[in-house]
Amino acid sequence: MEEEEVVVVVDEEESERRRQKMIEEEKKRLDEEMELRRRRVKEWQEQKRLEEEEAKRREQEAAAGAGTPAAAAGADGDSNAGKKWTLDGEESDEEGYKEDSQNAEDDGGITADLPSEVNDANVAAPMEEDEIDPLDAFMSSMVLPEVAKLETAVASMESMPASNMGDKNGKSAKDAVSNGDKKGQKKAMGRIMQGDDSDSDYDDDDDDEGGSKDEDDEEFMKRVKKTKVEKLAIVDHSKIEYQPFRKNLYIEVKDITMMTGEEVATYRKNLELKVHGKDVPKPIKTWVQSGLTSKLLDTIKKLGFEKPMPIQAQALPIIMSGRDCIGIAKTGSGKTLAFVLPMLRHVKDQPPVVPGDGPIGLIMAPTRELVVQIHSDIKKFAKSLGINCVAIYGGSGVAQQISELKRGAEIVVCTPGRMIDILCTSSGKITNLRRVTFLVMDEADRMFDMGFEPQITRIVQNTRPDRQTVLFSAIFPRQVEILARKVLTKPVEIQVGGRSVVNKDITQLVEVRPENERFLRLLELLGEWFDRGKILVFVHSQDKCDSLLKDLFQRGYPCLSLHGGKDQTDRESTLADFKSNLELVVNYDVPNHYEDYVHRVGRTGHAGRKGFAVTFISDEEERYAPDLAKALELSEQAVPQDLKGLADRFMAKVKQGTEQAHGTGYGGSGFKFNEEEDEARRSAKKAQAREYGYEEDKSDSDSDEEGGVRKAGGDLAAQAIAAAQAAATLAAAKAASNANQQVQSTNAGSLLSIPVVANAPNNEATARALQAALNIQQNLARIQAHVVPEHYEVELDINDFPQNARWKITHKETLGPIQDWTEAAITTRGTFIPQGKIVGANERKLYLFIEGPTELSVKKAKSELKRVLEDCANHALNLPGSAQTGKTANSEMQGFLVKVFLGRWTAILVFLDDGVICNIRAEKLDKWQVRVFYVKVADPLGYSITE
């Protein structure tokens, strides 16, 4: 047994030696191939240089003599060169040879034969290789077909008239095409190409004349900040011939028809219903009277729904009649079935959906959880009817959603942001809205509050105009009313119940506390309530949620976070844990309107249990105090004196006109850049310029067209001297007339302004004083001209770009190469001001200040900075679920992978180009046991890893 074991060991050692030998032989063969290729490249470059010298010599001879037909020689050279081994179309390691090779090819081509060494090497290479070279296989399969296409395009261009073949520099059309392609390739790479080639790419005067570099900052901001909402083209319905469909599917039964007006009014009063509109159908009493199919009625019976709820009793006949409807009802009032049942009946009345068709029914909801809930309710009825329903929402795998849409679905339940993503993907080939004839917007008030107005508007614009539209909302604020007027046609309004009021079983406590005292108070509340049950803390932003979670972890409190950036499975798990036994609600950040406060506080005190809610508010947030005081009064709770004082003080300011009421919320944070905002932006910019002392004249108004570049330094000194001379002339004239007026220099560009005392003793003393003052001004202007030399400066606003774009554009790794290349100084100025926050009197939004010795250097720097910003914005826009709603997109990103071996598990971390680590989902790959860790970024340097 021992001898056999020894033999096995020897065999393993022998196999290891053989393997090492094979590796060495393979390495040697690759080295030889590399050396051969290097020698080929060297010989080819030398031959190119000789050909260039020969071409120049021919040009000189042609210019001196009668002129030899260089074009014919060049054509012969091209045909001969096609038979030689060259590196045309490949990237050379040395950039200096690129431009030389292009000039040589354009002037005369390659006419001389390559050295015999290269030819011998070409012949011997296939004999030495036992198999096809991978590079040659790649070239023959991928590159050469593309080269053939380009040659065909060039040949077609060469067949054009001679006047169109070349430019003023004598370059051929082929040269222009190749230069344009390479130029586009360099720009697409997103890197600064320094050296001669960079100058040719970025300093081309022709490009500066008519290219995109002349666009002003406003146009640049509008183009770069164009969201997926704006990239979704608006459909021209006049050019589409839609198939007709039937809306009215309701037949009123005899029992309902025989009801008198008084009976209907009494019945609606008992149901707490209020309706507004013309020819409103009467409410029903039983399910049989609704006009639904027998299969739907059987499913309703199996689910145990005995009779319609108030909103269902009135909404079903209205929607089944084909009328547009507005339903104002609280959450949990049964409004989901009020639009789901008519939608199912509407879908069954239409031709079946085939692959490639879009949905017939479209339901939009604000949150993922509500989408899942509506989808679950529809599935209960759709199975018996043979109807497919797809839920489209963020935080989950988009691939499965796309595959289900491609197979065909009659009903789609979606969040607006993810639906825009799907419609923009693959140029709209995945799905479309051409067949949507039944549109539902559920909880429209919450969608506006979350900033979905741009997405909703664009989706509605892309559906057919004669659709049936249903809108449900907990309240009916002005923003929702404006949308209803736009998208609904003669709607019927249904209101169920009264105004939302906080449950009287919930004890509400409002404390006036500054920001720096809230965390300690929160710890005190946790110490008191932690053992009694679960606690829910509300904050304004995702970042604050994550930072507060980290702080509570450090204090030893086990807790979970819930926000839009979390994975869907994490959200569902967290919600499942907090569905019951919730005892305390803490509004760490004050709600911004009354309804939001009611929704937050209403999470506790369910099923007749007592609840407790604590809300923090500071003196700076006094605009929200009246809503809190009103909520306490309506729920019959005592209003604290300090809160009442805050509310009274703010309302007094509103009456005086120094403050403006904050409204009812529901403005959202979505990006809505229309013409009115464009004009408001320009007006604010001009007002800010006047505040900082800039004179508003014609040159300032035209600065946008010139890129905003202005002259400074020496030019300012010249203006100061000219203004001083004008002031001297004016002062002398006034002194001569002995006017008792006070003369003051009005030079805005100089450093000193000296008043002259009125009622001077005599004219001579006044004139001498004026002359002395003017001499001082002229001297200061000359000193300024020497200290501050003539230069150019421009500004670039970056405050409104995404966080990753701002970080990238202000980092020294980005600014350093641009400054070295353009010889312009770039500094970051201003402070970051979030969207929605009012800019202070002495504040400016974050911007880059660019100054350089020449106007060209400043323009180059600004153009390159714009390119970097545009790349970052496009990168963020292309991420799944990154429809811009004024918040930084939290989504899965792709970069390069780094494997970290941890025992039998492997951690894969995804790093972006700028070094930021992002969250990725755990998964298993084939036979590998791979566990991906969630990496939460606390700051650029420190991060925590959790499974």
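From the backbone N, Cα and C atoms, a Cβ is placed for every residue, glycine too.
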Looking at 266-269, 442-445, 790-793, which one does Swiss-Prot call motif 'DEAD box'? 442-445
Restricting to the same chain and to sequence separations of six or more, state which residues have a Cβ under 8 Å from that of T336 (ATP binding site). Q373, I374, D377, D442
Restricting to the same chain and to sequence separations of six or more, state which residues have a Cβ under 8 Å from that of K335 (ATP binding site). I311, Q312, A315, G327, A329, D442, F472
Let me know how many other Cβ atoms fall within 10 Å of the Cβ of G334 (ATP binding site). 16
As a quick check of your reading of DSSP, tell me how many residues in the motif 'DEAD box' (442-445) are helical, how many are strand and how many are coil. 2 helix, 0 strand, 2 coil
Across every protein chain in view, the count of C-beta atoms other than its own within 10 A of the C-beta of S333 (ATP binding site) is 18
According to DSSP, collapsed to three classes, what secondary structure does A329 (ATP binding site) have? coil
Given a 10 Å Cβ-Cβ cut-off, pick out the one of the binding-site residues A329, K330 that has the most other Cβ atoms nearby. A329
According to DSSP, which of helix, strand or coil covers T336 (ATP binding site)? helix
